[in-house]
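For reference, Swiss-Prot has these:
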| type | residues | note |
| --- | --- | --- |
| REGION | 30-111 | region 'Disordered' |
| COMPBIAS | 61-86 | compositional bias 'Pro residues' |
| COMPBIAS | 87-98 | compositional bias 'Low complexity' |
| BINDING | Cys201, Cys204, Cys233, Cys238 | Zn(2+) binding site |
| REGION | 410-457 | region 'Disordered' |
Amino acid sequence: MADSIHHSQRAQGSNNFDVSELTNAFEQLMRNKRFHRLQEHSRARTHSPSPSPSQVSSPGPYAPPHPSRAPPPPPTAAPFQPPQYPQQPQQYPSNQSSMLQGLPIVPSPPQDQASLKFRNLLHVLSVTPTKYENPGLLDEALSLIPLDRLYSEAEEESQILQAQAASVGGRPEWGYQDCVIRSLLRWFKGSFFQFVNNPPCSRCFRPTIAQGNTPPLPDETARGATRVELYRCSEMSCGAYERFPRYSDVWQLLQSRRGRVGEWANCFSMFCRALGGRVRWVWNSEDYVWTEIYSEHQRRWVHVDACEGAWDQPRLYAEGWGRKMSYCIAFSIDGATDVTRRYVRSSAKHGAARNRAPEEVVHWVILEIRRKRRENLSKTDQKRLMKEDEREEKELRHYTASALAAELNNLLPQNQTTGRLDEQKTPVSRQEAAAEWLAASQRNSGHSGPDHSQGGR
């Protein structure tokens, strides 16, 4: 009888299970696990005996046989030639699980060719956001932005969020500066930049067919074209060729106002910087890029995808599109950060192999870029950025712990039909209601421009 009562009490407790309790327990378990691993590693290094001379000189189980017991030589006198195998590029075992679980990583400089190649790539990519600091470029961008419209929309949205928060006795979800960037996002996607798949024929405006790449012309190279795609008009009577330079220079993007994901993220990030925002340009190794903007109101970095018009939806790519991602590195004028854990919550489901370099090398390169970008800053700014790094690392670890806790909680029988309890793939919240209200008011006043973006990527 007592056993049945005890069993019913346990069942009742499981029904009232709180995910936050499991999250805290999991984080404590991981801290203890890391501590014990470090202790064992230190103990093993302290007590490991050094090999004696006899042990060093004694043959192992795979040592060559003694000459007296060696098989007779082959009848031919030709020297033995070992088989030659083609050289394979060095691959590293994927450290996705250890990276996402926040296990301690000791930074280590790159030693092999593959690690050095990845280090050079990250250093080249880290230069991109430094180009946004050109005062002439920022002034040119500001001259193209309808500031009065953006500030008016931001003020309206900010007041709506404040009223909604006051009605429930809470705090507004976003601050005024966040609303300014959100208004910029709507204008940039709807009125300024155009997505290009196959550029139309400039002679007859008919669709074109891809013909591959072609070398850039000197004029295109001077304007920052990294490569040029060639297209042929689909109309047989026309047959004209259309060139589509892929510009990386933001100056040129202000003139062309068209491109694909790379051009969208590059130009939009610069516009955010022109409005005074702290900006990150995020590179994904699976050929995608986007933007992060720092929210002073929430004291964290917010995901922004100008091409998709997405705001604060970091799980869009992995869980919304089903993409598997390995590296997501954010670059800014203050350094670099590996933000993969923000966009890949479940390494088993959505994580790709991280085998371009050991995790120790990746961490070392990240710190190297930070030191390079911050070496001329004041001690006060360096300390502020260091605290931000610590706060963000805590945030990223919480994402991983919460995702694992939610998966464990979903395994419980009473939660199998309730779905996920953590953050939604496309969060619906108060700011979306405010955005819908603003969009409706713009349609009524004829204020909003057309959306020139095309389908496809």
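Yeah, the Cβs are placed from backbone N, Cα and C, and that goes for glycine too.
Quantities reported herein were computed from a predicted structural model and do not represent experimental measurements.
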Write out the long-range same-chain contacts of Cys233 (Zn(2+) binding site), meaning residues 6 or more apart in sequence whose Cβ is under 8 Å from its Cβ.
Cys201, Arg203, Cys204, Arg206, Pro207, Thr208, Ile209, Gly239, Ala240, Tyr241, Glu242
Going by DSSP, give the three-state secondary structure for Cys238 (Zn(2+) binding site).
coil
With every protein chain in view, what's the tally of Cβ atoms within 10 Å of the Cβ of Cys238 (Zn(2+) binding site), excluding that atom itself?
15
Of all the binding-site residues given, Cys201, Cys204, which residue's CB has the most CB neighbours within 10 A?
Cys201
Three-state secondary structure, Cys233 (Zn(2+) binding site) (per DSSP):
strand
